[in-house]
Amino acid sequence: MPRFREEALAKNMELVERVRQLAAAKGCTPGQLALAWVLARGGDVVPIPGTKKVDRLEENLAAVGVKLSEDDVRALEAAVPEGAVAGGLAGAPRRVAAAALAAVVAFRRDLTFSEVSGSLGDLGTFLPLLVGLVKNNGLSLSTTLIFSGMYNVITGFAFGVPMPVQPMKTIAAVALSQAPLTIPQIMAAGIFVSACVMAMGALRAFWLASRLIPMPVIRGMQLGLGLELARKGWQQAWFADGKAAPARQWWGPEGLFLALCALAFILLTVYPREGGDEQAAPQLLPQQAARCGGTTGNGAGAAEEAAPGSGPADGAEAGKEPAATADDGASNGASSASGGSDGGVRRPLLRLKHSLERLGSRAEAGLTGEEKPDGGGATAGGGGGGCGAAAARHGVRLPAALVLVVLGMILTLAYYPEVVSALSFGPSSIVALVPSAEDWCIGLLRAGLPQLALTSFNSVISVTQLARELFPEKRTSPDGVAFSVGAMNLVGCWFGAMPCCHGAGGLAAQARFGARSGAAPIFLGLIKLALGLLFGSSLFALLRRFPAPLLGAMLVYAGIELAACARRQRGERGVAVLLLTATVTLAMSNVAVGVAAGLIAAYLLLAWDSLVQLAAPCCRRAFAACRRRRGAHGAGASSPAAQPPALPANAA
């Protein structure tokens, strides 16, 4: 029932009496009438006051069947004191507070070590570009951390998925080139891109584009961008300058050994074995069991592999392998009889061969996720389980990104202790920026226009499609993502914050490293806000010393995870268009050109199919007419009327 102010007690009593009278006339209780009134006012149905969730369930449900006429509603509203009901605009602050409280409760519920690790999975892209822009272009680190932290928190609450906040890569690349951009020019480019993206989102252009662009083209773009990210990550991990030779030294916080260990650690922790028993050794696959003489890892022979009810083919197949084993034994015996030297060498070689084949079969089983059949002595062919049983992902998922970030901080403080003394408390000052006309022109032409295509395809369409695949229970629309990208930079860029967007690579990386909800970006945003407010731009001394090999290793697997989205593509034509899009994207280093090539190929195939479909009936009719003409001509040639008249017998 609506809540009322205490000073309107007399009027409230009048309302209560009116509710009782109307309830008696309707044949219901006052509580049911109150719920029916809430329904008539367009509110939600809540339990009758004084009841619990399931108490008096029938009475609560019966309120839905109480029908109030317009006269009844007017009579009730006439008895309500002016401004007494807590609803409408007066109730908006309460609803906002309730929604905020519910979001905080959900954040505390969802925040786990896995979410914390996933939130750090995209640092391989964020930190290098941020440090480069701060060092070479004079970007405000404090302002960027504060605003990007707010972006993270808002997007985490808004989308409910690990939606990343990444630098606009094309703008950053142009700004860090041989002819660098100034901060006002960088901000002008970011504002231009964001305004265009927000306008297209308001016009629902991305909604239309997401339906016109076939899925193979989107996945081809993801494959190309993923491989490009993985390549850059490997360069960052392997080369001293992060781009080209010479390679890094082996030891130290910037050494190759650390990079290789990080790559191996991520591989072993974020890609657990699929299916089977962790404690047992993987079994041989059928084709590998045949190569190994019909034996499995536990020593069961091929003769035992044939089930009692197996058909002739199984029995014949099972009978081949003992013969091969006998041949091996005969040759071994012959070698021994001839002097023993060959037999002494051949037997260890055969054992080595079988051991290597078993090792290969175990590696293959680990990659394919073939499940170990029930029963320790069962082989791939018996027992009905087989290697084709469904695999289930299991195993302990360590927070790999969290471990690497903590390790990087420890190494930084151990090798560069002077960074601690460089820290100072307090945020840096935030200054508003107004680009000049020249800044607008240079920023738009050099960085804004190239970035617009990447943001449109990767930061809106691709990330929306990937979010729907990874989290189908969440509703993520391209227009909502476009509004988010636009709103972020149309606020932050005027104060010198780095232009940011969302990206499919960051979403794939955070999901692979353990993020499953909006708690991951919210946590990362709170960390950014805390660092920006506590240390400001003095934090640059610490961030610039963070081990680059660790960031490169994380970026490698971020790219691999994005590229792996292509594995869902089916069909020869779809795979061909996907690979064409990825190839052109990589070769031209331009997403727009790659997407254009994929679209041309996809719609060319569609046009060809339509042409064939339209021309097929005409061709069939033409062929049928030709066959009828040939048939008529043949029948006419063989008829008596068509034959020449016979000459008389006495004709000379």
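Glycine is no exception: its Cβ is also placed from the backbone N, Cα and C atoms.
Caution: TrEMBL annotation is automatic and unverified by curators.
Taken from TrEMBL as is:
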DOMAIN    9-79  domain 'NADP-dependent oxidoreductase'
TRANSMEM  145-165  transmembrane segment
TRANSMEM  186-207  transmembrane segment
TRANSMEM  255-271  transmembrane segment
REGION    295-346  region 'Disordered'
COMPBIAS  301-316  compositional bias 'Low complexity'
COMPBIAS  323-339  compositional bias 'Low complexity'
REGION    361-384  region 'Disordered'
COMPBIAS  375-384  compositional bias 'Gly residues'
TRANSMEM  398-416  transmembrane segment
TRANSMEM  481-501  transmembrane segment
TRANSMEM  522-542  transmembrane segment
TRANSMEM  548-566  transmembrane segment
TRANSMEM  578-606  transmembrane segment
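Sequence-distant contacts of the transmembrane segment (522-542) (same chain, at least 6 residues past either end, Cβ-Cβ under 8 Å): 107, 111, 115-116, 119-120, 131, 134-135, 140-146, 148-154, 156-157, 165, 412, 418-419, 422-428. Under 8 Å from some Cβ of the transmembrane segment (255-271) lie the Cβ atoms of residues 237-238, 247-249, 397-398, 400, 403-404, 411, 512-514, 547, 549-550, 552-554, 556-557, all in the same chain and six or more residues away from its ends. Same-chain residues lying 6+ beyond the ends of the transmembrane segment (548-566) with a Cβ under 8 Å from its Cβ atoms: 121-125, 127-128, 219-220, 222-223, 225-238, 242, 248, 254-256, 258-259, 262-263, 266-267, 270, 401, 404-405, 407-408, 466, 469, 504-506, 508-509, 511-513, 578, 582.
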